[in-house]
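Working notes, beginning with the structure itself.
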Amino acid sequence: MNFADLGLSDELLRAVETSGYTQPTAIQAAAIPSVLMMRDLIGIAQTGTGKTASFVLPMIDILAHGRSRARMPRSLILEPTRELAAQVAENFEKYGKNHKLSMALLIGGVQMGDQVKALEKGVDVLIATPGRLMDLFGRGKILLTGCELLVIDEADRMLDMGFIPDIEEICTKLPKNRQTLLFSATMPPPIKKLADRFLSNPKTIEVARPASTNANITQALVPTTTRGKRDVLTTLLGQDEVANAIIFCNRKTTVRDLNKALRQSGFRSGEIHGDMEQPQRIAELDLFKSGAINILVASDVAARGLDIKGVSHVFNYDAPWHPDDYVHRIGRTGRAGATGTAYTLITAEDAENIENIEKLTGQSIPRLEVAPAGRAPRRETGREDTREDRPARPRRGSAARSEAPAAPTEAAAAPVETSTDAPRADRARRDDRAPRPDRDARAPRDERSQRPDRAARPARDDRPRRAPDIDAPDDGGWNGPVPSFLNQKLGA
DNA sequence: AAAAAAG
């Protein structure tokens, strides 16, 4: 199956080709022809499956003909977070460069002026988060009566965030004879109800089992204690294979504290959470994407949908309270066919959450014991034989186990054992992984082995600024410069 | 319990 077989225009195919993609993903192959035939669609797909391009591409062709009128957008895409909205806007820029489509990005945290101006000129594509959209709508800046195509993206997340009433209200303001596309990783009853009410005769496409985790992601639970978390994290971050990482915390305060601590220890880290000003959020994300920092400490604002190429590791510094969040968080790595690793630090109190996670994903996650190892050089811990050629010895979770390991001392700890029967797809592929920004400039091994916790360490600015990148195709990664949040003309 | 989104 080729992009050329999907019925897309030549201009669009050129843009796709320029972006380096030749083969559509499963959801793209299934969705694009249906969308082009103007059918309603329910797409059950996790992020990382190419979901975004599956509606962006056909929309560009559908909107290629016809003209927008003042304050009457021709299409509307709803996203749960500002970052996701910006990411979709990036996709329209990338694939729409051979078309003359106008677009506006309506998100909170930025001035309304430019957004209003763009609306008044008329836009073909409106990409919005619900809050700002409702705000501008209430001010009479938007008429949705000419909006013939609606995309509700990440519907389950919208539900989590309490946006469903807003979505329903918005839906009633659109013309009845519109085309509606709804995407969701899971289909809880309220979403099903929403779909029944606002979609007509939809085609349903499911490309991955809901709530399943990606087989490319090697997972492990790391039992520790609240006090021991930092040492364990530092140890894990010091592993050679950690090119870069997103570290999730449950609280914004934890995000701040941990980032501060990591920076004080010399890590090149940054942070992102919802209490930060939007420009700051953008800046931190951009630093991470460019490789200027290789650790991003994040709240769940970054858990879903964010598509950053080449994230090698995800750490759950706190085990997520909701099992869905686990699936979404670890999905920031192992994207688009690449491999990734996800470590979850767990304490005794997390036992129930972990049980729920394992129930949801239907798999038991292997435990990785990280024991205190003093200042011993890492090579003496037998690191090389910990990951390979080890008989699979799955160890089921138990309350006793979660409490088992002693709190790591102030001294650095070292991973001593993996017990895993999880797929290790990354083993075979380790060698052709992307060049890692840190590798070349890193201290010689002897020196490193004295300081197992410092692999990711040098000061913020004296590292080569190469983006962590992988050459696997993806679903339109947001890897370019961060959108300016200005509304812009496409194809300019 | 927290986070997110309008300010």
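Backbone N, Cα and C atoms are what each Cβ position is placed from, and that goes for glycine too.
A TrEMBL annotation is a machine prediction, not a hand-curated record.
Range with TrEMBL annotation motif 'Q motif', chosen from A:1-29, A:88-116, A:233-261, is A:1-29.
A Cβ distance under 8 Å defines the sequence-distant neighbours of the motif 'Q motif' (A:1-29), meaning residues of its chain 6+ beyond its ends; these are 36, 43, 45, 49-51, 53-54, 57-58, 60-61, 64, 94-99, 205, 207, 473, 475-476. For the domain 'DEAD-box RNA helicase Q' (A:1-29), the model gives a mean pLDDT of 92.
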